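Peer 1: The structure follows.
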Amino acid sequence: MNIQIVTVGKLKEKYLVQGIAEYLKRLSAYAKVTIVEVPDEKAPEVLSDAEMKQVKDKEGARILAKIPDDAHVIALAIDGKMKSSEEFAADLDKLATYGKSKVTFVIGGSLGLSEAVLKRSNERISFGRLTLPHQLMRLVLVEQVYRAFRIVRGEPYHK
């Protein structure tokens with residue numbers, strides 16, 4: 001399986017870089033995983049609704065340019081479906097079983113995802129109703145993808 005994670009902004013925190021690198025190393029036994037960073041749009045702290053939409057649209061265009069046409073796209077969105085780790089694992093396994101070998105996860109910037117990106121996505125998932133920094137979500141996502149492969153194969157890790 002080829003998994004691509006398209007995300008807005010550069011990862012700055014060393015501890016997150018190290019954690020993600022560790023899970024990418026572990027995942028290499030199961031899938032080819034690549035992370036594609038697109039630049040975030042610089043914006044002032046306080047934005048009008050129109051300005052927020054404009055920022056999301058610009059970031060969204062950058063995201064869409066990185067998604068392969070034949071990819072199954074999963075957007076991480078606060079209004080997405082919440083799943084258990086077992087459900088997430090089963091869903092990833094089904095994608096592989098039904099020939100969806102290219103999966104792209106999308107993590108938006110601090111304002112979220114544009115409507116165009118949400119429309120392009122095949123599904124939306126949420127890791128809960130808490131608001132988490134989008135940089136931290138990268139680590140959470142790669143850990144859950146790793147956990148999913150371990151669950152599907154019945155290997156020890158998931159408790």
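Placed from the backbone N, Cα and C atoms, the Cβ positions cover glycine too.
Relevant sequence annotations retrieved from Swiss-Prot are reproduced here:
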type	residues	note
BINDING	Leu76, Gly108, Phe127, Gly128, Arg129, Leu130, Thr131, Leu132	S-adenosyl-L-methionine binding site
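Describe the structural context of these features.
Peer 2: For the recorded site, Leu130 (S-adenosyl-L-methionine binding site), the DSSP three-state label reads coil.
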Peer 1: Which number gives the other C-beta atoms within 10 angstroms of the C-beta of Arg129 (S-adenosyl-L-methionine binding site), all protein chains shown included?
Peer 2: 8
Peer 1: Taking the Cβ of Thr131 (S-adenosyl-L-methionine binding site) as centre, how many other Cβ atoms lie within 10 Å?
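Peer 2: The answer is 8 other Cβ atoms.
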